[in-house]
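*Asks:* The (6S)-5,6,7,8-tetrahydrofolate binding site annotation in Swiss-Prot covers 117, 118, 119, 120, and the record cites sequence analysis as its basis.
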């Protein structure tokens, strides 16, 4: 079976590697253009492009696939490459470009998407972050037959995984990437013998995982500790849950909900205790959060005890207050 692969980040690279290991022929890879990255802001190829080049696969990096859009020459060149590949199917995983109808219609078996949620819950760009942020007990991967809508196509395969209280977006991402890679191989093997049975998504339970905005990273200490703790986990590794002390920026990478209730006369964001277990901070609804791993601007992630050696804090200080 000939497979065009469209994807960009590490999540997609894992799937591409699994397809190649399973023996599928991949004549063409579509991925986002190289972007500036790192401290030197040098152009960097996506993980999927790096993988494709290592395996000697042709790569196309159009700015758009819309023939009537802003970059018609890019789209026309991509169309020629896609048609020349004579693929049976296109596999899409976190590609980052909208696929026009002509793309969906070109492969014999259409386009299959690896989506990191249990559809129809968390359609959209950030399903892993939003599942953790919402406190979901489970998530998973759905292999979907793509249509013109936003993650609205028929479901082909689905598998669940539990979200543990310790999961961050980073750990859950890696687990779902492996799951997605395994499921897409199973889906294509089933498709080769006509064994896939499309199931329409239910009309109930639709939610949208909107793209993460960096502005969301600011911790609102008026929220209950449980809500803040979920956001800390959801925003690891990006954008990181952030607060301030005066003019100094601080990121919180790990925390624990303290079962002890706090005095209600303490201001939300006020540091109530500092000990070997971390920094106790007053939160909304009379709750208490213990910060255990922190980072100051330009620094490294550090356990609270090490962080405090270079950034002294004291009970009574208020995090997130205007300088």
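We count from 1, first residue shown onward.
Glycine residues also receive a Cβ, built from the backbone N, Cα and C atoms like all the rest.
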*Asks:* Within the same chain, and leaving aside 117, 118, 119, 120, name every residue whose CB is within 8 angstroms of the centroid of the CB atoms belonging to the recorded (6S)-5,6,7,8-tetrahydrofolate site, in sequence order.
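*Replies:* Near the (6S)-5,6,7,8-tetrahydrofolate site, beyond 117, 118, 119, 120, sit 115, 121, 122, 123, 127, 140, 142, 151, 158, 201, 205.
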*Asks:* Pick from 117, 118, 120: which of these binding-site residues has the biggest number of other Cβ atoms within 10 Å of its Cβ?
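*Replies:* Its Cβ has the most other Cβ atoms within 10 Å: 117.
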